Amino acid sequence: CIPKWNRCGPKMDGVPCCEPYTCTSDYYGNCS
């Protein structure tokens, strides 16, 4: 999973943010 504040894009790479954080965008955001 991706740690808090790191870049994320679950629709692109399929990797979720670590609990309890969520990505601010499906394609290009950060975990918060």
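All positions are counted from 1 along the displayed chain.
Backbone N, Cα and C atoms are what each Cβ position is placed from, and that goes for glycine too.
These come from Swiss-Prot:
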{"type": "DISULFID", "residues": "CYS1-CYS18", "note": "disulfide bond"}
{"type": "DISULFID", "residues": "CYS8-CYS23", "note": "disulfide bond"}
{"type": "DISULFID", "residues": "CYS17-CYS31", "note": "disulfide bond"}
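By the criterion of other Cβ atoms within 10 Å of the residue's own Cβ, the least surrounded of the disulfide-bonded residues CYS17, CYS18, CYS31 is CYS18.
Every protein chain considered, the tally of other Cβ atoms within 10 Å of the Cβ of CYS23 (disulfide bond) stands at 21.
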